[in-house]
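J.: Per TrEMBL, compositional bias 'Low complexity' is recorded for 51-66. What TrEMBL lists as region 'Disordered' is 39-67. For 244-304, 373-432, 497-564, 569-628, 689-748, 800-858, 925-988, the entry in TrEMBL reads repeat 'Cys-rich GLG1'. Positions annotated as signal peptide by TrEMBL: 1-26.
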Amino acid sequence: MAAYSRAQLLLLFSSVSLCGFVSVLGLKAASGPAELPNPPFHRVVDPPAKDAPAPAAAGASQPRRATGWKLSEEEACREDLTRLCPKHTWTNNLAVLECLQDRKEEIDIAPDCNHLLWNYKLNLTTDPKFESVAMEICKSTIAEIKECNEVERGRGYLVSCLVDHRVNISEYQCNQYITKMTSIIFSDYRLICGFMDKCKEDINNLRCGSINTGHKDVHSQGEVIACLEKALVREVEQQDHTRPIKEECQKAILRVAELSSDDFHLDRHLYFSCRDDRERFCQNIQAGEGKVYKCLFNHKFEESMSEKCRDALTTRQKLISQDYRVSYSLAKACKLDLRKQRCSLDTSLPRAREARLSYLLLCLEAAVHRGRPVSGECQGEMLDYRRMLMEDFSLSPEIVLHCRTEIEAQCSGLHRKGRTLHCLMRIGRGDRNTAIDSVCQNALQTLIQSADPGGDYRIDRALNEACESVIQTACKHIRNGDPMILSCLMEHLYTEKMVEDCEHRLLELQYFISRDWKLDPILYKKCQADAARLCHTHGWNETSELMPPGAVFSCLYRHAYRTEEQGRRLSRDCKVEVQRILHQRALDVKLDPELQKRCMTDLGKWCSEKTDAGQELECLQDHLEDLVPGCRDVVGNLTELESEDIQIDALLIRACEPVIQAHCHDVADNQIDTGDLMECLVQNKHQKEMNDKCVVGVTHFQLIQMKDFRFSYKFKMACKEDVLRLCPNIKKKVDVVICLSTTVRNDTLQEAREQRVSLKCRKQLRVEELEMVPRTHTLILPPDSLTAVMIECLKEQKKQLSQRCHQRLFRLQEVEMSDPELDYQLMRVCKQMIKRFCTEADARNVLQCLKQNKNSELMDPKCKQMITKRQITQNTDYRLNPVLRKACRADIPKFCQSILSKASEDSELEGQVIACLKLKYADQRLSSDCEDQIRVILQESALDYRLDRQLQMHCSEEISRLCAEEAAAQEQTGQVEECLKVNLLKIKQEACKKVQLLDCVCSAT
């Protein structure tokens, strides 16, 4: 051995023995002193097959003992060598072996030559004496590697250990020696240490090939390993345990794949399947360090990629999914990071689980999201494999196993470029009106978490291609790959810059991101501390089955709008991110997991035809009273948030952009809205910048606000405690306003020592009263002239109204009379007269002031007519005349209790109480204040009979018969009253005669 230098030995040996297989193959190792490695053969003990040629005979010359023995001189290979290998390689056995073994078996190489090569490699790899070569060349390396220094000598295990640790070998000659040896070992599975022992039974059971030597045994047995690899993948995907691969064989298969991960030549099946594709796509990529694998992976879905190569690449990718170490580049780049982040120390998990690619990605992604250092090289590798998972669903065995039905029924033929995955995501969203199995849904969610496309949209190839034009135009100011790209795309959803295909891909992805708050990296970064403090969250890659999808984000946005008094608020940075996401996800109810879950039935029942952007939520709000309790609560909570931050309604804000810029830009720029922006939009509804879409949106929200007082943020904050105390079980805003207003009025009329409604609530109540006007069905609508005219019409046609409408109208009139500023029509018609006569009058006394100046020569006729209408209304019921009610608060129950006991709360008494008070006025039994008010009423009605409701009711026929001419004059100078007095004896109706006699008595008093 000393006769040979290290360099000579390095050139001589062309393969590494991972273990001796003499016993397995029936071959006997030499027992004498190690000869120089010239003789290529050991004696074959087992007889060959019948039709097999004799070993080294039939065309192979007898091996010579000369030290210069050459493979090229053997007759069996001479013709193949001349035809296939360059002449300059003939003198080097290693070069000849490399040239010939990379030819397709049974096609390019003669059987006798194959057999010669096999025996030559077997000699090199089974004689334990050759360990001495490794011990000489790799002496210092062996000393450095503890595992190799301690292995048993004489059985070929030393070289096996060196191959296992070859990535750590820094000594040049040793590294070259082991590298060259490895290429020989992987040309035949029978030469790989322990592989035959561990997989012999599985090879036979799965019919992956024969293990007996014979003429069919060729120098490359890559197909056998490929068969086992596919069976292993199939077993995981189908969970078919009819012929399970033994665990030790499974480990051996993955170990072989790992050892062949640096050089694609070592994966013999893939090498032969992809030789032409390598030349086509990766010609300039140097073999080693897994570079050719990565290049081929990147071109896997090219149209010109052969199917055979694509299938081989997919099998290898699936093995990587099961064990990340099958990827040389990933394992090398992330080795230190895995150790630093303790990704292999979870004792609660089986070792096989820790090796899963998904586990590695989740663990390292958790570190990145927490701000822990992960090398750029490792992050680059993670990015490649995250993209790989999103691109090809078949690399995720859970998807293949649990989503097979959905794929076959809905997504067949869409395998490439992530299309199948997006098809499944579309079904998961419910866009095809088909349900997806919950196990499949969970598998999709797990895959999205592993791939983490929220961190870099480019991982999702289908999305990237669909949205490229939008990104180039709408998001070009954002750095390529930045997580804010997805946020930018969401900001432009349903805008003119968005294209349909991008919209679909974006919503499909956002559906799953919205169900796990951690998948928005910006939100997670800003809110992880708040979520741990307020929502009891776990680590990034930890999930809780007790926490339903979207629960953490729901918890965050509930805390986002808390006041300082309420405490437990979000940090400022977190609140900004929560608001950003709320604004974006409000565009689609499916992006709110809780809303979709609780409202699925109601969406189908009430909103099946409302499919345009934003319509589903509006529909649910319109049917709030009809929703099931769970859905009503969720919609109510979301609407309550909108009242504080109307920018959650992104479509409304877009529609109202012109008027916001012109009139509301100050409040729109505020970080804290608290309802100011909507208040501004309401106040500017009649501006020229206001378009139809904005008007409809603002009006809709105002109508929704009427359904629950909580939907008016300022009102809620000012009056919440008062409502709970004074108006329990009342939710509708109109009813709450009336309840509180009635309480305030009663306390004022009764001159209570202390108002029951708080001061801050009374101030806001005033604002709410001013903003409310009747509408036909709810009698509440934001003020405008059209609805004011409509309500005025209803007042004039009271007799024809339904009982419910009549009652609502009466309650509204009661509020209006207490505060004339709420009477939109009166304030509009008499606007100038108020400025002329009542500038110094209190707002609640405006009508009283106008009445006092009604007969002034300067009074506008239209205003005068409106004042008379209101006087007529007031005289129908004392409750509509606040001044009379206050003045006679003791007299009315004292003298008119019989009328009150029969009265309805929400309908007029038709002047009965006033008639009762007139009678007591004639008897001079009223209090002085009450007497003064009755005197005023008598004086006013003496000039205009229409102000006397009893007279008008009982004497209408008599007036038409006896005083038609005077009534037609409409001069309100008392002519009708005088006519009735003159014709008192001609009056036939007793009721009319009694009323007229009472008026005569009262006038004389």
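Each residue, glycine too, has its Cβ placed from N, Cα and C.
Remember, predicted model here, so these are calculated numbers, not experimental data.
Walk me through the surroundings of each of these features.
T.: According to DSSP, the secondary structure content of the repeat 'Cys-rich GLG1' (689-748) in residues is 47 helix, 0 strand, 13 coil.
Residue counts for the repeat 'Cys-rich GLG1' (925-988) under DSSP (helix as H, G, I; strand as E, B; rest coil) come to 50 helix, 0 strand, 14 coil.
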J.: For the repeat 'Cys-rich GLG1' (925-988), report the average pLDDT of the model, please.
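T.: Across the repeat 'Cys-rich GLG1' (925-988), the average pLDDT comes out at 89.
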J.: Mind checking how the repeat 'Cys-rich GLG1' (244-304) divides into helix, strand and coil residues in DSSP?
T.: 38 helix, 0 strand, 23 coil
